[in-house]
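The structure appears right after this line, and notes come after that.
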């Protein structure tokens, strides 16, 4: 859909302030546009009545979604849509208030009311379906085992989650088929979720929205196990092939069994199937639903439900097993530790890259610390900005500054040509250096795939030198080595663990010449162990423990799609 010639999109200021009264006392609300809400290549998908898929790329340079605070209240927060009047919530003196326009003709009057005065459809406690004994996708270490080094604290940047939301047909029906209303609500929810995760030093950017306006693409059932697995499989085999993203959630109008209103896999962020959650759209209050969305995404980041020893001050915490009567947007100390433990130990690589401004579909907001369309920099709110190069109020560079962001920016100037900006990760990955003409580090370049490495023990593959010894060490630790060739014959069985690849869900046994491109076998010589054919297998992730692509399987040969092929023709 294109805008008619001459039509002008409404202009929403980067920063605004409003004055009104709460409990008879004047308050000043300061708002800053959330410029990291949408990516530049944000796309929306819905379906025509005849079933055709319709993809649009709405303009996102200007939008009306803001974060903010109340003047003279350091603990205050706000998440507001200013599209048609002010709609959203703010916290003032530890109380949650909602604001929305009164539906009166020719009037700009608004209603302000406390959360406790909102009519609630059902007072029964609502809860997440994940139980404490529910098996993690990856084990989470005890909090006492986590320790950040000074180097890690210095160089660990913000993480960026490219978020995709899918809305089921039941939600479309509940909203009388009004797609614009649904989109506006999804933007408001994403704005709140992004604000919540900033407390964990993460940014959540909406990169896509799909509305099942002509029928669900999976069978959505009250059984959360069934629906979560179905959505995860659809995401892996369908959605990911069409749109790059890190994490997806299904928002559904169906009433899940029992008091459950959300469900997700634990420790699965970046997994092609399991980086998902499902959320019941059970409340008309955006804050309530956004907290559930943040809660389920927290599980994907390795965070378990809070126990009695966890705290986030005097507020209820995001990861409590039940949804509080007055939900807050704070993660507990336990959540922070578990999240960063998961990131540091399991390295979910998809959340390292900052999304292109063109990837974020929600409208840009100045002050959300995401660099988006129209911004030269974004260092957060004026109160929190610690970037001397950036004007936080406008998201423009200060006079005399060449840059305010990037690995090749030092003291607001481009780094000198030749300055190393990305270290070598292996002999197959040379270091990159600044050009002196840009604040960004040049693209990561690798040596050619198939080039010999590690004294001919391996061949370069996508910047790494994969060899079986290193893979055994990663799985089992020290004193573990590549097993004898006889162990690999088990891969000819085609059973639950011994195979070379999967085709249409079926495990294909290895041909004799391909056995070293299936399950990895290691010889364990560690104290108390004497296992000549040790292997790793997990129902949660069947692929883990397989020989990695590009690994040397014979002289002059490497693994490719479960075959041991000539390195000269593999790439």
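Every residue, even glycine, has its Cβ placed from backbone N, Cα and C.
DSSP gives residue 350 (disulfide bond) a helix state. Among the features that Swiss-Prot reports, disulfide bond is placed at 270-350 (among others).
The Zn(2+) binding site annotation in Swiss-Prot covers 295, 299, 305, and the record cites a curator's inference as its basis. Cβ neighbour count for residue 299 (Zn(2+) binding site): 25 (other Cβ atoms within 10 Å of its Cβ, all protein chains included).
For 363-449, the entry in Swiss-Prot reads domain 'Disintegrin', with the evidence type sequence analysis.
Under the heading Ca(2+) 2 binding site, Swiss-Prot lists 365, 368, 370, 372, 375, 378, citing similarity to another entry as support. Counting every protein chain shown, 31 other Cβ atoms lie within 10 Å of the Cβ of residue 372 (Ca(2+) 2 binding site). According to DSSP, residue 372 (Ca(2+) 2 binding site) sits in a coil region rather than a helix or strand.
As annotated by Swiss-Prot, disulfide bond applies to 366-385 (among others). Here the Cβ of residue 366 (disulfide bond) has 31 other Cβ atoms within 10 Å, regardless of which shown protein chain they belong to.
In the three-state DSSP scheme, residue 377 (disulfide bond) is classed as coil. On its own chain, residue 377 (disulfide bond) has 371, 387, 389, 390, 391, 395, 396, 397, 403, 404, 405 as residues at least 6 apart in sequence with a Cβ closer than 8 Å to its own Cβ. Per Swiss-Prot, disulfide bond is recorded for 377-395 (among others), and the stated evidence type is similarity to another entry.
Annotation source Swiss-Prot lists disulfide bond at 379-385 (among others), citing similarity to another entry. Listed in sequence order, 369, 385, 386, 387, 390, 392, 404 are the same-chain residues at least 6 apart in sequence whose CB falls under 8 Å from the CB of residue 379 (disulfide bond).
All protein chains considered, the CB of residue 412 (disulfide bond) has 18 other CB atoms within 10 Å. Under the heading disulfide bond, Swiss-Prot lists 389-412 (among others), citing similarity to another entry as support.
DSSP assigns residue 460 (disulfide bond) to coil, not to a helix or a strand. Sequence-distant neighbours of residue 460 (disulfide bond): residues of the same chain at least 6 apart with a C-beta under 8 Å from its C-beta are 427, 428, 446, 447, 448, 449, 450, 451, 452, 453, 550. The disulfide bond feature in Swiss-Prot is assigned to 428-460 (among others).
Secondary structure at residue 428 (disulfide bond), taken from DSSP and collapsed to helix, strand or coil, is coil. As annotated by Swiss-Prot, disulfide bond applies to 428-453 (among others), with the evidence given as similarity to another entry.
The secondary structure of residue 465 (disulfide bond), as reduced to three states from DSSP, is coil rather than helix or strand. For 453-465 (among others), the entry in Swiss-Prot reads disulfide bond, with the evidence type similarity to another entry.
Annotation source Swiss-Prot lists disulfide bond at 472-487 (among others), citing similarity to another entry. The DSSP secondary structure for residue 487 (disulfide bond) is helix. For residue 487 (disulfide bond), the same-chain residues that are 6 or more apart in sequence and have a Cβ closer than 8 Å to its Cβ are 521, 532, 533, 535.
Annotated disulfide bond per Swiss-Prot: 487-533 (among others), in sequence order, evidence recorded as similarity to another entry.
Counting only same-chain residues at least 6 apart in sequence, those with a Cβ under 8 Å from the Cβ of residue 517 (disulfide bond) are 500, 510, 547, 551, 553, 559, 560, 562, 563, 564. Swiss-Prot lists 510-517 (among others) with the feature disulfide bond.
Swiss-Prot lists 559-564 (among others) with the feature disulfide bond. According to DSSP, residue 559 (disulfide bond) sits within a strand segment.
Here the CA atom of residue 365 (Ca(2+) 2 binding site) lies 31 Å from the CA atom of residue 305 (Zn(2+) binding site). The disulfide-bonded residues recorded for this entry are 350, 366, 412, 465, and the Cα of 366 lies nearest to that of residue 378 (Ca(2+) 2 binding site). The two recorded residues residue 472 (disulfide bond) and residue 366 (disulfide bond) have their Cα atoms spaced 47 Å from each other. Rounded to a whole number, the distance between the Cα atoms of residue 366 (disulfide bond) and residue 372 (Ca(2+) 2 binding site) is 8 Å.
Closest to residue 465 (disulfide bond) by Cα-Cα distance, out of the binding-site residues 299, 365, 368, 375, is 299. Mapped onto three states, the DSSP output places residue 564 (disulfide bond) in strand.
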